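Feature list (source: TrEMBL):
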SIGNAL    1-21  signal peptide
DOMAIN    80-511  domain 'Amino acid transporter transmembrane'
TRANSMEM  87-108  transmembrane segment
TRANSMEM  114-137  transmembrane segment
TRANSMEM  172-193  transmembrane segment
TRANSMEM  241-263  transmembrane segment
TRANSMEM  329-347  transmembrane segment
TRANSMEM  367-388  transmembrane segment
TRANSMEM  429-449  transmembrane segment
TRANSMEM  455-475  transmembrane segment
TRANSMEM  487-511  transmembrane segment
Amino acid sequence: QQQRAISSRRAISTGRACLRCCALLLLQEFPAVKVNPRDRSMAMADNVVATYYYPPMEVAAAELGQTAGSKLDDDGRNKRTGTMWTASSHIITAVIGSGVLSLGWAIAQLGWVAGPAVMLLFSLVTYFTSSLLADCYRSGDQSTGKRNYTYMDAVNANLSGIKVQICGVLQYANIVGVSIGYTIAASISMLAIKRANCFHGNGHADPCKVSSVPYMIIFGVAQVFFSQIPDFDQISWLSMLAAAMSFTYSSIGLGLGIVQVIANGGVKGSLTGISIGTVTPMQKVWRSTQAFGDIAFAYSYSLILIEIQDTIRAPPPSESTVMKRATMVSVAVTTVFYMLCGCMGYAAFGDAAPGNLLTGFGFYEPFWLLDVANAAIVVHLVGAYQVYCQPLFAFVEKWAAKRWPESTFVTGEVEVPLFRTYKVNMFRATWRTAFVVATTVVSMMLPFFNDVVGFLGALGFWPLTVYFPVEMYVVQKKVPKWSTQWVCLQMLSLGCLAISLAAAAGSIAGIKSDLKVYHPFKT
């Protein structure tokens with residue numbers, strides 16, 4: 001009886017092994033076949049196939065008895081958990097940035113007719129092209145097609161060739177530029193807190209001269225710390241906090257503008273914007289084109305759209321569907337805020353609208369409310385900096401790991417002595433710190449908020465927000481050349497190119513003018 005029992009156990013073990021092998025062979029031969037979970041013979045195969053098949057790359061995990069299907073997505077990576085709301089918070093964090101504070105100045109250059117019209121035009125173009133770009137996250141079927149993890153991957157899948165390199169250079173150069181612009185904006189807001197308190201104590205006649213350099217260093221130190229967060233998925237909390245801060249300071253700016261309009265006894269401004277005489281005809285032209293760049297910058301987030309979309313949980317519904325909803329919500333919310341803040345800033349100050357509504361000292365009182373608003377800007381920009389820079393961080397680290405796979409410095413991790421559960425990658429810590437230091441130093445040399453904002457908007461708007469999404473859509477949907485749809489898309493692209501070139505020229509002219517009177521590291 002004992003021998004029969006041993007033989008029986010051996011037979012059962014052998015049978016299980018055979019069933020497991022058959023199940024795995026069945027998966028490889030017919031990967032799309034669904035398996036009935038009630039079939040006892042399949043249940044004996046150690047849950048290899050469960051209710052639905054495991055994707056081929058997860059077979060190894062299943063063969064080892066791991067429940068890979070519950071932890072991994074269809075590409076073998078950890079399950080994504082993002083939703084429309086987290087994607088919206090990332091977009092709002094990136095979009096409602098410091099750019100909103102320059103919109104009063106931008107509308108002052110264009111006037112009551114062109115200013116709001118241009119703002120509405122940019123919002124519609126951004127939403128339309130972002131919807132085109134969202135469809136490029138997967139190649140082929142929007143639910144099961146191959147994922148493109150980055151903007152460059154999407155361009156490579158649809159266009160390839162030299163355009164991939166051009167896209168990479170533009171995308172990552174723009175990220176570097178945005179990090180510089182945000183460092184400048186954050187330091188100006190910290191400096192504004194100091195000056196607001198100075199004006200309150202010493203009177204408005206006191207110049208209250210303060211250097212922005214120490215505040216840039218403070219912001220840089222904070223970014224060194226936050227840049228050690230490994231990847232995009234782990235900054236959702238920071239992004240949501242930053243989004244809340246953006247609504248805080250935008251609302252304060254809007255409220256102060258309304259109060260100022262009431263105090264003025266009416267709305268300031270004109271239909272055509274700042275008048276000739278206040279500025280020269282040439283200055284009017286340059287300022288108007290720079291205003292286009294400022295507005296473009298205020299809507300610029302396409303360069304990180306694919307990376308945001310890669311945080312959304314797997315279908316159903318498809319990631320593109322969720323991303324389009326997030327884009328609609330985000331663009332609608334930001335446009336309402338932009339219209340209110342920009343128009344109210346112009347209504348309150350007219351031609352004298354400051355370049356930065358909360359730091360240009362159109363407002364002096366209540367000083368404590370200005371302090372709260374500027375503190376909210378700083379907190380927001382800490383998060384916005386990370387939202388923009390994480391794709392660049394990931395790109396460099398992925399390239400280094402592929403270039404030196406055996407290097408412990410590049411791929412290894414070291415446990416922090418005081419925090420045994422936290423591990424640090426030495427290459428990540430070193431390179432991210434060096435990046436923050438470099439951008440902080442450049443920011444000290446070029447603290448021109450409006451001009452830098454306008455140039456960054458011009459640099460990234462046409463190629464990343466319009467050209468590449470349009471070209472990828474044409475290839476993906478096989479739009480016939482010279483068809484009505486093709487002609488309309490190309491006209492949209494050419495029109496936006498003209499706007500970008502004009503905005504870039506205006507911003508460069510502004511930077512050139514500022515450099516004549518600026519002394520680096522002193523003011």
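Cβ atoms here come from the backbone N, Cα and C positions, even for glycine.
As the structure is a computational prediction, the values presented were derived from the model and not from experiment.
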If you count CB pairs under 8 A between the transmembrane segment (367-388) and each of 241-263, 329-347, 429-449, the winner is 241-263
Answer key: the stretch among 172-193, 329-347, 429-449, 455-475, 487-511 with most Cβ pairs under 8 A to the transmembrane segment (241-263) is 329-347
Lying 6 or more residues past either end of the transmembrane segment (329-347) yet within Cβ distance under 8 Å of it, the residues of that chain are 84, 88, 91-92, 95-96, 100-101, 103-108, 112, 115-116, 119-120, 123, 126-127, 130, 247, 250, 253-254, 257-258, 261, 267-269, 298-299, 353-354, 357, 362
Honestly, do the transmembrane segment (429-449) and the transmembrane segment (455-475) touch, with at least three Cβ pairs under 8 Å and pairs 6 or more apart in sequence?
no
